[in-house]
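What follows is a short report on a single structure.
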């Protein structure tokens with residue numbers, strides 16, 4: 001009737017959804033074979049380029065379209081990266097307010113763990129729904145988590161908000177690199193990955209400064225409120241300027257003018273997939289959605305892997321703090337965690353490929369495909385990245401703690417000391433991208449970066465309460481060089497190992513790119529918790545040995561609170577104990593970098609494919 005709002009039936013939404021699905025599938029042509037014959041050679045160069053926005057002319061985006069898409073991706077990635085680094089300067093204030101320093105590592109891990117575990121899932125979600133729709137959904141989830149964190153009234157609520165933000169941040173990080181890699185040819189991906197990595201590094205610069213200013217001048221809650229306007233800007237930039245299939249400036253502007261209808265199409269597309277799942281349960285019973293969960297999204301491996309790593313991290317968190325290391329609770333958590341992770345690997349590598357339905361359905365692939373991961377060129381660089389990230393996040397976090405706990409610096413002043421580390425990360429990422437573009441070499445960059453990591457971590461162990469101002473700057477440069485070089489090169493080194501002629505190249509490309517993100521984020525998650533455990537255990541042991549009794553008991557929480565309210569100089573007994581405990585953390589980081597170098601040496605010598613111009 002006139003005046004009544006229009007409603008959509010199941011069939012209506014199915015129709016619109018099928019229409020959106022057909023358009024999405026048309027836009028997601030992934031393979032373009034370009035053949036180039038020259039007069040000077042009889043050889044035919046073949047370059048297979050993965051494209052997410054293949055148009056009718058099969059041309060990659062250029063000019064304004066390319067730059068606008070990259071800006072949208074870079075800002076989205078900046079948003080996710082900002083939330084990692086901005087919390088490094090609020091640790092003391094949050095611990096003081098909630099009295100939970102032993103759980104402070106979960107400010108990083110609560111964000112990084114879902115970032116790691118869900119990295120492999122986001123690519124699977126994006127394939128049927130569309131990369132654009134999925135990216136927008138990820139930004140919305142991230143914003144919800146940020147708002148919860150800003151309003152938190154307890155450590156548990158704050159960690160919960162960080163977990164939700166981590167779910168969205170994971171989608172942003174995973175899809176940014178997947179989408180970005182489809183916008184240019186293989187030979188130019190090094191530069192593109194460097195540009196996106198720089199947005200991460202710039203967030204690393206801005207994050208601690210913003211966190212320090214907010215914590216010192218306003219409140220630490222603004223470290224999360226600031227994500228809301230930045231996230232809104234990223235959302236609309238990506239909504240307007242990333243449009244697969246549109247190759248000209250005029251087409252993009254026409255598309256922006258059609259924003260209402262475009263937004264409705266996105267909602268209809270998402271609604272179609274949700275109703276399709278609902279329709280399966282009503283019309284076809286439980287079998288088809290169950291099969292999709294088991295084989296399309298590999299839910300069994302995901303549950304085993306998530307539960308396993310969560311148990312392991314909980315054991316590291318509570319061990320030596322709430323429970324003794326040899327207590328039954330900690331031992332059981334370790335055993336269950338390790339068993340579940342091993343079962344996840346066995347299931348994906350050995351059991352999953354044996355199912356007949358998997359053999360008959362090409363798009364049913366495990367989250368971690370042994371066919372790809374077992375390749376030395378992929379396995380070695382990603383393990384090296386995992387170890388480097390674990391060491392780097394440990395150094396990054398406790399460098400801030402060094403200046404706050406030993407010298408009683410404010411959050412803002414402590415953040416200033418990170419500039420040397422972060423600038424070296426940015427410069428290295430850009431330089432490595434340019435070198436790869438010119439020489440097509442990757443392994444030398446990976447090995448040299450790992451060597452710098454070992455040397456830098458070794459030198460950083462000299463950072464104690466006797467170090468002078470020049471040491472405060474110089475000792476932080478090499479860790480940034482190591483992280484910037486390896487984070488930029490490992491993804492490209494993994495991608496070039498894939499067979500471009502394989503019928504599963506598209507899914508393999510997405511899988512390997514997200515696996516690289518998985519290793520990076522898992523390294524940060526484990527590094528954040530393990531470094532917190534090492535510091536706490538070392539500090540308690542040294543306090544007990546020195547027979548120092550704190551007013552409210554010998555715990556790391558009481559140590560930090562007492563130090564803040566009763567600062568007695570950098571060379572006092574407490575100052576020496578904290579300095580020695582921080583040195584133990586830096587030695588742990590050195591161990592991570594040393595292992596990373598071993599794997600980097602065995603990286604593949606394969607070069608990047610030359611561009612056809």
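Backbone N, Cα and C atoms are what each Cβ position is placed from, and that goes for glycine too.
What Swiss-Prot says about this protein:
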REGION    1-38  region 'Disordered'
TOPO_DOM  1-70  topological domain 'Extracellular'
TOPO_DOM  92-102  topological domain 'Cytoplasmic'
TOPO_DOM  124-134  topological domain 'Extracellular'
TOPO_DOM  156-163  topological domain 'Cytoplasmic'
TOPO_DOM  185-189  topological domain 'Extracellular'
TOPO_DOM  211-221  topological domain 'Cytoplasmic'
TOPO_DOM  320-329  topological domain 'Cytoplasmic'
TOPO_DOM  351-375  topological domain 'Extracellular'
TOPO_DOM  436-443  topological domain 'Extracellular'
TOPO_DOM  465-472  topological domain 'Cytoplasmic'
TOPO_DOM  494-581  topological domain 'Extracellular'
TOPO_DOM  603-613  topological domain 'Cytoplasmic'
TRANSMEM  71-91  transmembrane segment
TRANSMEM  135-155  transmembrane segment
TRANSMEM  164-184  transmembrane segment
TRANSMEM  190-210  transmembrane segment
TRANSMEM  222-242  transmembrane segment
TRANSMEM  299-319  transmembrane segment
TRANSMEM  330-350  transmembrane segment
TRANSMEM  376-396  transmembrane segment
TRANSMEM  415-435  transmembrane segment
TRANSMEM  444-464  transmembrane segment
TRANSMEM  473-493  transmembrane segment
TRANSMEM  582-602  transmembrane segment
So, do the transmembrane segment (376-396) and the transmembrane segment (582-602) meet, by the test of 3 or more Cβ pairs under 8 Å (sequence gap 6 or more)?
yes
Under an 8 Å Cβ to Cβ limit, what residues of the same chain, 6 or more beyond the ends of the transmembrane segment (135-155), are close to it?
76, 79-80, 83, 94, 98, 100, 103, 122, 126, 161-172, 175-176, 179, 221-225, 227-228, 231-232, 234-235, 238-239, 242, 266, 270
Counts by DSSP class (helix H/G/I, strand E/B, coil) across the topological domain 'Extracellular' (124-134):
10 helix, 0 strand, 1 coil
Let me spell it out: take the topological domain 'Cytoplasmic' (156-163), skip the flanking residues so only those 6+ beyond its ends count, and list any with a Cβ under 8 Å from a Cβ in it.
94, 98, 103, 106-107, 110-111, 113-114, 145-150, 224
When you check the transmembrane segment (190-210) against the transmembrane segment (164-184), do you get at least 3 Cβ pairs under 8 Å, counting only pairs 6 or more apart in sequence?
yes
When each of 164-184, 330-350, 444-464, 473-493, 582-602 is checked against the transmembrane segment (71-91) for Cβ pairs under 8 Å, which one has the most?
164-184
Annotated stretches the transmembrane segment (444-464) and the transmembrane segment (582-602) touching (3 or more Cβ pairs under 8 Å):
yes
Beyond the flanks of the topological domain 'Cytoplasmic' (320-329) by at least 6 residues, Cβ under 8 Å:
102, 533, 536-537, 540, 555-556
Within the topological domain 'Extracellular' (494-581), residues counted as helix, strand or coil by DSSP:
62 helix, 0 strand, 26 coil
With a Cβ cut-off under 8 Å, give me the same-chain residues at least six positions beyond the ends of the topological domain 'Extracellular' (436-443) that come close to it.
187-188, 190-191, 489, 492-493, 496, 603-610
Helix, strand and coil counts within the topological domain 'Cytoplasmic' (320-329) (DSSP):
2 helix, 1 strand, 7 coil
